[in-house]
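Features reported for this protein in Swiss-Prot:
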{"type": "BINDING", "residues": "B:Arg48", "note": "NADP(+) binding site"}
{"type": "BINDING", "residues": "B:Arg125, B:Ser126, B:Ser127, B:Gly285, B:Lys300, B:Pro301, B:Thr302, B:Pro303, B:Ser304, B:Arg327", "note": "FMN binding site"}
4 protein chains.
Amino acid sequence: MPGNTFGHSFRITTWGESHGRALGVVIDGVPAGLPLDTEIVQKELDRRRPGQSAVSTPRSETDKVEIISGIFEGKTTGTPISMMVWNKDADSSSYDNIKDLPRPGHADYPYMEKYGIRDHRGGGRSSARETIGRVAAGAVAKEILSIFGIDIIAHVTELGGIRAKEMPFDTIKEHLEKTPVRCADLEAAQLMLEKVGKAREEHESIGGVVEIIAIGLPPGIGEPVFDKLDADIAKAIMSIGAVKGVEIGIGNEAAQMKGSQMNDPFILEDGKIIAQTNNAGGILGGLSTGMPIICRASVKPTPSISKVQHTVNTKEMKNSDIIIKGRHDPTIPPRMVPVAEAMMALVLVDHMIRSGHIHPNSLLKQ
Amino acid sequence: MPGNTFGHSFRITTWGESHGRALGVVIDGVPAGLPLDTEIVQKELDRRRPGQSAVSTPRSETDKVEIISGIFEGKTTGTPISMMVWNKDADSSSYDNIKDLPRPGHADYPYMEKYGIRDHRGGGRSSARETIGRVAAGAVAKEILSIFGIDIIAHVTELGGIRAKEMPFDTIKEHLEKTPVRCADLEAAQLMLEKVGKAREEHESIGGVVEIIAIGLPPGIGEPVFDKLDADIAKAIMSIGAVKGVEIGIGNEAAQMKGSQMNDPFILEDGKIIAQTNNAGGILGGLSTGMPIICRASVKPTPSISKVQHTVNTKEMKNSDIIIKGRHDPTIPPRMVPVAEAMMALVLVDHMIRSGHIHPNSLLKQ
Amino acid sequence: MPGNTFGHSFRITTWGESHGRALGVVIDGVPAGLPLDTEIVQKELDRRRPGQSAVSTPRSETDKVEIISGIFEGKTTGTPISMMVWNKDADSSSYDNIKDLPRPGHADYPYMEKYGIRDHRGGGRSSARETIGRVAAGAVAKEILSIFGIDIIAHVTELGGIRAKEMPFDTIKEHLEKTPVRCADLEAAQLMLEKVGKAREEHESIGGVVEIIAIGLPPGIGEPVFDKLDADIAKAIMSIGAVKGVEIGIGNEAAQMKGSQMNDPFILEDGKIIAQTNNAGGILGGLSTGMPIICRASVKPTPSISKVQHTVNTKEMKNSDIIIKGRHDPTIPPRMVPVAEAMMALVLVDHMIRSGHIHPNSLLKQ
Amino acid sequence: MPGNTFGHSFRITTWGESHGRALGVVIDGVPAGLPLDTEIVQKELDRRRPGQSAVSTPRSETDKVEIISGIFEGKTTGTPISMMVWNKDADSSSYDNIKDLPRPGHADYPYMEKYGIRDHRGGGRSSARETIGRVAAGAVAKEILSIFGIDIIAHVTELGGIRAKEMPFDTIKEHLEKTPVRCADLEAAQLMLEKVGKAREEHESIGGVVEIIAIGLPPGIGEPVFDKLDADIAKAIMSIGAVKGVEIGIGNEAAQMKGSQMNDPFILEDGKIIAQTNNAGGILGGLSTGMPIICRASVKPTPSISKVQHTVNTKEMKNSDIIIKGRHDPTIPPRMVPVAEAMMALVLVDHMIRSGHIHPNSLLKQ
C-alpha cells in the first residue's frame, strides 16, 4: 500500500517531483458550500515559497496555484479539489554529477534501494517541493477551521541554539511575519538571523524548533485508541522532512516531572470546565480537552551543505566524496512554518469530520 | 471513522475495557505458515503484567491468553488470529465515588464529552489494560520479524531524572530483565529504583524515557511521503498512553546541530553501503537505511496519584477535590517496555509486507 | 492488505473457522447510547442457525452469542463491541478423507494455492459459518437503523425454478418466517418446499434468488464516484458465498428497456419529491433517492452434494473422484436471508454515518 | 469518508467535472520500472472518446492526455502518476434551463439533497466524463498486467434486445473494434446498429450487456472474506454509471441450476489443475482459480432522452416537464467497453499486488 495519501474523512493525495512538470494535490472530502478561490490558497503558498528573504534560497519560484476542479460559482461542491503548480525554474544540471552519489542526510540511498530507479533531479519526489501540495490543501483546511473558530499558528522557537521567550498567542500572530526567521520573540529573532548568516558563510546549516498551536478546538476530538489526536499529529508532523522529534504540550520535560506537577487540575470557569494549566497540550487519552493544542517539532539542519562529505558511488561501488552545489536554505524551520500549520490543519479538519463536528457533505447543512 | 485498528497490510483491532469481561485483539494479515502457540504470546504478556515487582501495582492479574482462531496444526493459516484474556480481578468499587469526578491527567473528561456516556470502572477503554491486545499482537509480529533476522528491544534510559549510560545492543538485551526498572545500566537502575520507592512513599509518581531499538531491517522500508517509517513509528509510539514526546535517532538534539555534524556519511564496508554514524536513527526520507532504527519516547508520570487534586464534579457542575484510591504503578516506563516493543514490531511487519519484503499471504512462499 | 474487515465508519472484522474453537466479530464505530443486549443479537443468529427445518441441515448448532465488550449498563459506549459464539458440534472426521481432494464449487483449491496450508475441517475459514459474525454485527446495525425509521427485509423470490409473485413490503414481512423457505408467496413456497425435498432425495442441490429491500432511507446517501451506494451493496452481497449475480432495482431487465420506460419520473407528493416508479431501485448516480432500496442476489446451488464428482488429488497430483459426506443444506437462499439483511444493514449504517445522518460518536448527540 | 478513491495497494483518485477546466486522475502504487508514455494511455482514451461513430454523440472531444508526474526517462519511478485531460468543448448553455429540473434517471436530485449545491453543467461530477480518469489509470493497469501475461477484453453481448452468439476470446479480440457497437458477433452487431439508429430516430435510448473477460490470472488472487475478488469486481463494475446488474461466470442462471450442473469438476491437464467447465467464472470462495475471469454488466438505456418527461422544479417546488437537449449517446454499452476493461484491470492489479504476485515497489525486483 503506497503512502501519498493523508487523512481519512478529509483526505489529500499529493503528487509531483521537484524538477518534474508540475506538483499538485487532490483533496477529497471538502464539504460543499465553502467559499474558495485561488487567492486563499496562493497566500499560503507565498508563505512557503523560497527566495523571500536572507534565510532562504534565492531561487525564484513563483509557484502560482491553479484550482482545477471542485468549485462552482465560487463555492466548493463536495467533489474533489484538484490544485497544481507548474514547475518553472528547474535547472537540473547541478544534479548530474551527483546522480550516483547519494547525499548524506538525504533520501537518495534508500529510494534507490526501494525502487531500483530514481529521479535524481532536485531530489525528485523526496524534495521539500512536495510540500506545495500539503500547503495548498492546508490552506483549504484552515479556511474550513476558521468557520468553526479554530485558529492555527506555527512559529520558530529555537534556531541555531538561540531560544525564543514564550509569547502569548496573539503576539505570536502579530510578530510572526515581521522577521524572516518567523520567530515571535523579535530580539531572539535578530540573534537567529545572525546565526543563519554565519552558517551560510561557513557553508553550513543549522537546526531549530517549530511550535504549532491550535486554539478553539472543542473537547472530545480524536479517536481512541490508535487514531488518537496526538498520535495523528505526531505522524503528520514527523512526515515533514527533517523533523526528528515531536512533542505534545510540556513534551519531553514530562519525563522529569512528578505526577502532581504534570497533571492539569480541572476547574469551572464561566460554567465551563477548563484545565488550570496545559502541560497536556490540550490532549488527554488522545482526545482534545478544549485547551490549546501545543506541538513542537525538532528540525535537523538542512542536509544539503556545500562542504566535502563522504559517500559511496553506487554505480562503481567505491568510496567517494561529494560536494553539493546549487542553492539551498541554510536552515529549514522558518520555511517549515506554513507546512507545519498545514499539517496541523489537515489533522484537525479530518478529526472534526470524524467526530461529527463538521458535516462531511455540506457546510450548508451545518 | 473509528480508531481501534492499527496497520494496513498487517492490521490489528483491539477491544475490551479495563473492568469488562475480557480484552482482546484480532490480527488480520498474518502470513500462513508461521509456527505459533500461546506460549510465544504469553511470554510477552507476562512481561506486560503488573504485580511483578516493586515498581508496579500489586494487583494479581494473571492475564492468560487464549488463541481462538487462525491456527491449524500449530501453524498460522493466513486467516485472522483472535486472541483474548479474560478479566478476573476487577473490583470496581474504588471507582464508584469518582464516577462524576474526571481525574486530572486522565481521559475521563474528554471521553464524556465525546460519547456522552462512559464506563468509568478502571478507566474503561482508556485504561492501560487495553495494551494487552497490543502486546499479544506484538508477540506475533516479533515472531515474524525474527524469521527475517530483525530484533527489537526497548529499555528504560531515564527515570525520575536518573539517566542511564549508553549501552551496546547486546548488553541491553542481556541486562534488560535483570532489574524491575528495565534499565540496562544496572547502576543507574539502582538509583531509579530508589526514586520509585520514594515516589511511592510520597504518594507521587515519576516520568521517564523508553528507548526502542530495532536491528536487522533492510534498507528501503517505508512509504513516501506520508506513511514514512518514522511518521508511522511516531504515531504508533504516541498512541501509547502517557507518551508526550517521540524522537528518532539523535532526536531533539538535531535542533542544536550543524549540517556537517548531523549528516551521517556513507561508506562501503564489506561491499555494503552503511552509514558511519547513525544520527538519523536508521531512517532517511522516511525510508530505512539498513542501520538500527532508534526511537525514544518521553513518558509522563502516572496520572493516578493518591494526593488531593482539583477537578470538577460534572454531575453537579461545581469545583471539587478528588483523591484517587486503588493500586497504581508509581511509574510507567518499565511496564511500557513490552508495549513499546510491540508497537515497533507492528509497524515494522506492516511496512515489511507493504514493501514486498514479507510475502503477504504465506511464509511458505517466501 | 488482508480482507476480513468490512466498512469504513462502521467497521466489522470477523474471525474464526468452521471447526475452530469459536467464531466472532468486532464492530468498531457503534455510536454510544444504543441500548443493546444479547437477546437482540441472538434473535438474528437464531434465524441464521441451521437445523431449524426441512430445508436445512439437521446439525444442532446452538450458536449462543456472548457480547464481551463495548456495553455499559445496557448501552453501547462508543468502544468496540466484541461478540463471539463458541463452536460445539464440530465433528471433523468426515472431512479427513477429502483433505487432499478440493471439492468442486468450493474454495478449497484456491485457498491452498494462496496460503500453501489449509484448515480443511468443515471448510475452515471459507465455511458459511463465517457469516455468524456478519449476522451478529448486522443485528446491531439493524437496531441502529430502526431508530432512524429504516427497515430491512430479505426474502426468497425464486427457488429451484419456482418464482414467487410480487408482494408488498408489509406482506413479505408478515409471511417471511411462516415457511421454512422464507418466501412470502405462500403458494410458491409450497412448490419450493417440494423442490427442496426432491433435491435432497436426488442427492442434489438447487439455487435461487434472494431479494433485499430497505425502506425509509433518506435521499443523498452514498459517496460518488467509487463508493456509490449500489457499488457498496454489490460488493457486500457478492461477498456472501454462493452469490453469482447482483441486481439493483429492475436489474438485468434494464438491458432490454428503452430510456422512456426505464427512467422513473419525479413528482411532488405531499410536498415531497418522489419517483413515480422505482426501476432505479432507490439509487441514482450512486446516491439514495429516498425510494426503497431494492437488490436481488442470484444464488448458486449448494456445492456440497453427495454425488460422485471429479477432482484432483493434490497430494498425489492425479485425477480422482470425490464423494462429499456430512450434513449439508440442499439449498442456500432460505438461510441466506438473515445474512443478506445483515450485509445490507452494515452498508446502510456505514453510509448513514459517512453522510452525516448518524452521529459517528453518540446517538445521545443526535 | 469521501469516495473518489478506488483500490488499496494500487489506488486511483479521480477528479474533475464534465464542464470544469479539466479532469484527471492520480495513481498511487504503480511499481517502478514500468515503461510508460502518453501514447499507451491516449490509445485507451481514444477508445473511450465520443464522436467516433454513429452510435455515439457527435461531440468533438479530443481528450488529449498529459502525464505530469511519476515518470523519469520513460519509466515509472514508484511515485504518484498524475494524468489529466483539459476540457475544451464545453458549451454549458443547453443546461441552463434545466438547472432546477432534476433529470429522471440522472443523479441530479440526490446530489442536490446530499450537497445542497450542484454544478449542473453537463452533469458536473456525475457525468460519464469522470471515467476519463478511470480509463487513463486502467491503461496503466493493463500495461502492468500484460507483463504478467494477463489480458483483458470487454465486448457488447446484447444491445436493444439483440443477443450476440458466444465467441472465443481471440475472435472477440479480433472483431471488437470492427464495428462501432463493439460486438464480436458481426451479424448481431449489424442488427444492433439498426436498433441504435431506430432509437435515435425515436428520441429514445436502449440498454444492453457488456461482458468482461480476463485471462492469464494465476490461482489464489483475492482476499477472504470481504475483499473477495468477485466482490471487488462487482463493486468496480457497479460503480460505473448506468450499470444495474453484475454477474460472475454463469451468473443469474446459477439460480436455476442443480449442484451437479453448476459445479466445475477439477482435472489434471499437463500437470496443472484446471476446471473442466467455468460456470464459476474463474472465482471460487472469492479467490481466482486460474480459469478465465468472466463478468457481465447489465446496462440501462441512456437516461438523457429528448422526449418530454415528468420532473419537479426544485426551486419552485412544483410539478414540471423536462425536455433534455444537447448531444447524447443513444446507447451506453459500446462506449462503456474501455471503462469496463479499465475497472477490471484496476481490480486485478490491486489484488495481484495484495497477493504478492506483483512487487509493490518495483518491477525491477520482480
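Yeah, the Cβs are placed from backbone N, Cα and C, and that goes for glycine too.
Neighbour density for B:Ser304 (FMN binding site): within 10 A of its CB lie 21 other CB atoms from the protein chains shown. If you measure from the Cα atom of the residue listed as 'NADP(+) binding site' to that of B:Ser127 (FMN binding site), you get 14 Å.
Close to B:Arg125 (FMN binding site) in the fold, though at least 6 residues off in sequence, lie B:Gly16, B:Glu17, B:Ser18, B:Tyr111, B:Asp119, each with a CB less than 8 Å from its CB.
Listed binding-site residues B:Arg48, B:Arg125, B:Lys300, B:Thr302 compared with chain A at a CB cut-off under 8 A give B:Arg125, B:Lys300, B:Thr302 as the close ones. Proximity to chain C, defined as a CB-CB distance below 8 A, holds for none of the binding-site residues B:Arg48, B:Ser127, B:Lys300, B:Thr302, B:Ser304. Residues B:Arg125, B:Ser126, B:Ser127, B:Gly285, B:Lys300, B:Pro301, B:Thr302, B:Pro303, B:Ser304, B:Arg327 are listed as the FMN binders, and the farthest two of them sit 44 Å apart at their Cα atoms. In the structure as shown, the Cβ atom of B:Thr302 (FMN binding site) sits within 10 Å of 26 other Cβ atoms. For the residue listed as 'NADP(+) binding site', the Cβ neighbour count at a 10 Å cut-off comes to 25, with all displayed protein chains included. Neighbour list (B:Ser127 (FMN binding site), Cβ cut-off 8 Å, at least 6 residues apart, same chain): B:Glu17, B:Ser18.
The Cβ neighbour count for B:Lys300 (FMN binding site), using a 10 Å radius and every protein chain shown, is 31. Secondary structure at B:Arg48 (NADP(+) binding site), taken from DSSP and collapsed to helix, strand or coil, is helix. Under the DSSP three-state reduction, B:Thr302 (FMN binding site) is assigned to coil, being neither helix nor strand.
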